[in-house]
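The site 'Important for substrate specificity' annotation in TrEMBL covers Arg14, Thr73, Gln155. Feature annotation from TrEMBL assigns active site, proton acceptor to Asp72.
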Amino acid sequence: MMTKQIVLASASPRRRELLDQIGVSYRVHVVDIDETPLLNELPRAYVTRIAAEKSAACCSQLNVGKPVLAADTAVVVQGRIMGKPQDFEHARQMLELLSGQTHQVYSAVSVRGDNRHEQAVSITDVTFRALTGNEIKAYWRTGEPRDKAGAYAIQGFASIFIQSIKGSFSGVVGLPLFETAQLLERQGIKIIT
Ligand SMILES: Cc1cn([C@H]2C[C@H](O)[C@@H](COP(=O)(O)OP(=O)(O)OP(=O)(O)O)O2)c(=O)[nH]c1=O
């Protein structure tokens with residue numbers, strides 16, 4: 001069983017659920033940072049930087065002895081980074097780009113503790129079947145795309161659009177559990193003993 005608590009620097013309910021799934025106990029401290037990509041910033045560099053900034057902000061605000069975990073997830077289509085949709089038009093544009101194509105989901109994890117900072121990135125290929133305009137409208141009306149990178153949630157209704165994935169399901173949802181467990185174990189946190 002778990003030996004130590006961590007701080008989760010995230011407002012995402014998905015990240016809490018994923019940590020619950022592997023029995024990690026945590027308290028939440030939400031940080032707010034600017035998530036605008038830098039000019040010509042590549043996806044791996046972008047998610048790595050944002051996850052690191054989230055954990056750094058949390059550490060400097062709290063100054064606790066516990067390890068701090070943060071993550072960032074971006075949907076990437078033909079090398080272009082897509083964040084969360086601003087409105088229906090924006091979501092429609094994103095979903096049209098995803099329709100009938102394979103894209104990548106990049107999820108970075110950052111763990112800080114004991115004067116050590118370690119990171120990992122998970123990259124997953126996600127293949128969507130073709131979507132009709134009416135399906136995109138109906139999907140928007142479910143409310144699901146609003147707060148999700150790429151305007152979809154694989155764990156929700158969007159599962160009916162996703163033909164296959166190659167990589168990490170938890171990474172697509174927002175916290176790659178394989179890499180997360182490895183980083184936490186290196187901080188002395190045992191997941192299963
Ligand atoms: C692609 C995809 C994303 N998402 C979600 C996970 C993240 O919550 C969100 C990506 O935005 P993030 O900026 O990574 O995270 P967040 O703003 O929700 O939370 P915080 O920064 O406080 O940690 O999209 C899904 O839930 N399912 C999916 O299939």
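Note: Cβ is positioned from N, Cα and C throughout, glycine not excepted.
Please treat TrEMBL annotations as automatic predictions, because they have not gone through curation.
Locations of recorded TrEMBL features on the structure.
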{"residue": "Arg14", "record": "site 'Important for substrate specificity'", "Cβ contacts under 8 Å, 6 or more apart": "Gln155, Val173, Gly174, Leu175"}
{"residue": "Asp72", "record": "active site, proton acceptor", "Cβ contacts under 8 Å, 6 or more apart": "Glu35, Tyr46, Val47, Ile50, Ala51, Lys54, Ser107, Ala108"}
{"residue": "Thr73", "record": "site 'Important for substrate specificity'", "Cβ contacts under 8 Å, 6 or more apart": "Val47, Val105, Tyr106, Ser107, Ala108, Ala149, Gly171, Val172, Gly174"}
Under a three-state reduction of DSSP output, how is Gln155 (site 'Important for substrate specificity') classified: helix, strand, or coil?
coil
